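*Asks:* Below, the features straight out of Swiss-Prot:
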{"type": "BINDING", "residues": "H87, H89, E93, H132", "note": "Fe(2+) binding site"}
{"type": "BINDING", "residues": "H87, H89, E93, H132", "note": "Ni(2+) binding site"}
Amino acid sequence: MVEFYFHDNKDTLENFTEDHNSGEPVSFDQLAEIGVIYKYITTQEELDALATEREYKNRDVVTLNLPAFNNDIDAYNAKMQQFYKEHYHEDEEIRYIAEGEGYFDVRDKQDRWIRAKLSPYDLLILPAGIYHRFTLTNAAKHVKAVRLFKDEPKWEAINRDTGKNTEARELYAKTIAV
């Protein structure tokens, strides 16, 4: 089952897959303030109903683990570092965990990292424009996730260090009054 807490900010390139739990939990109300939605979904019917309700027309399945990269540790590490780089998307990011575990980190209004530890049956919806990052857990080193999309699947990350603000980012910042 999901855990939400403030990140301890003690991560490095060598240990970012560890849990980094500060001991300060985060409530669902705190997540709602930044537009993050969490659901616990145990059946395909529930997932399909959510997709219909939120007008998600497309989906795919992604598997992240070393075998998915033909056991090429360099390619695997490069992808994990890419996902862990702080970024946002112009569309909602919807992930349903089917297998394994992963961490999604999102920024709160004070620019602190909130960490979500996701396991099977956890679904997370991140609003367009929110800064976030992802990594596998050190324990599992594997995740199989269903990605849901309103339109055709696209995945363009806009890294924070570029300083680029699109309409999606500006709208998100206004929505949460940052």
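Each residue, glycine too, has its Cβ placed from N, Cα and C.
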*Asks:* Determine the most Cβ-crowded residue among the binding-site residues H87, H89, H132, using a 10 Å radius around each Cβ and all protein chains in the structure.
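*Replies:* The largest 10 Å Cβ neighbour count belongs to H132.
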*Asks:* By a simple count, how many Cβ atoms lie within 10 Å of the Cβ of E93 (Fe(2+) binding site), its own Cβ left out?
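*Replies:* Taking every protein chain into account, the count is 21.
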*Asks:* Quick one: which residues besides H87, H89, E93, H132 have a Cβ within 8 Å of the Ni(2+) site's Cβ centroid, in sequence order?
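*Replies:* Filtered neighbour residues, in order: Y88, L126, I130, Y131, R133, A157.
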